Amino acid sequence: MAAAWGKKAVGKIDRAQFENDELLKSLGNQLNVDFSKYDQWQRKERVMRPPAPKKKLPQDSMTFKVGTVARASSADSTPAPVPRGRRAQARYEEEKRRQKEAVEMLEMRLRHAKQASDMYRKRAKELVDMNLSIAKDIEADEHEVQVEVKRLLRKYEKFRGGIATLNTNFIKELSEVKCELEETKQSIGIKLAALNKELEEMDGKLKAKQEELSVLHSYKDKEYPVKAMMISNLHAELESVKNSNQEDQEELEHIINTELSKYDKERIQLSNEITKKVTEEAVALMHPSLKDMALQNIVMGKEIEFHKAQQVDLKDVNKELEEEIRVLLRHPKSNVRLQLFPEFFPKGEKCTPDMDVILDIPKQEWLPI
């Protein structure tokens, strides 16, 4: 788990930002560490070691302290005797100059070492902060991944249950479909046998029709033209007979109509004579008072018919008069108040809510002077 975490953290580090870092350039490849092993950075228990015995420095050893070289040498050692002679004096001056240069070089190296140490401490602090932020990001990502994995596992459990249910239903439906397929095959086989039988019957009928068609083709090619000629001749004869019979039929119908009209007239005349004779005989057998009553009834019937016709005419006249009265009532001259007091009844139209109001106010115009 730690190795995977380290690889993920190293993958997130952007090395482009360190390309221009002088400190990292001076270190070179010393930071190319395998982050898959964290044993060297794990905290271990401190092993208590016995104190080392103090070493006695020889008296001839020389200690260098920055800024206190002269005092230390003067305090710890006795002043060297000043050599006499030019050569000894030159050697002494040369030795003193070399010691001074060594001290300056050591001070300069110490200053550079101090600066490098400060820079390393600062860089170490930055790297620690960066590692801590990366660790926090990794922990947050691990938490999110853990939540997502749990969700996916729950989803997988649901899907696995659904898949098992689907497999069970599929096996059940597959068996049902296979049974239906067998039944369908049997029914289709029965229908197919019936259709084959019908096909054989239709083939027999087709052969018979083809034979009839061949007979008809032979008839059409051989006997049909002769028969068609005979039919056309018979049609011409039939038309001539119809034309000749048409004149005879019209003459016969005219005679029949004339006789029928004559017989109708005779029938009507005979019926009137019989009716008149029967009526005269009935009237002759009636009492004189009944004759007068019958005569009055006839007269009254005629009068009733006349009055009915006159009543219809009067109704029509009344309708026309009512319409004329309505027109007269709507006419302004029939309004007595308007005729008597025309100033109180202006001729203008009444203003309704859906009409526009137009003010026609007369303006005073000055005469041109």
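Positions of Cβ are set from backbone N, Cα and C atoms, glycine also.
All TrEMBL annotations are machine predictions without curation.
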Do you know which of 44-63, 244-263 TrEMBL annotates as region 'Disordered'?
-> 44-63
Check the coiled coil (192-258) for me and report the mean pLDDT.
-> 85
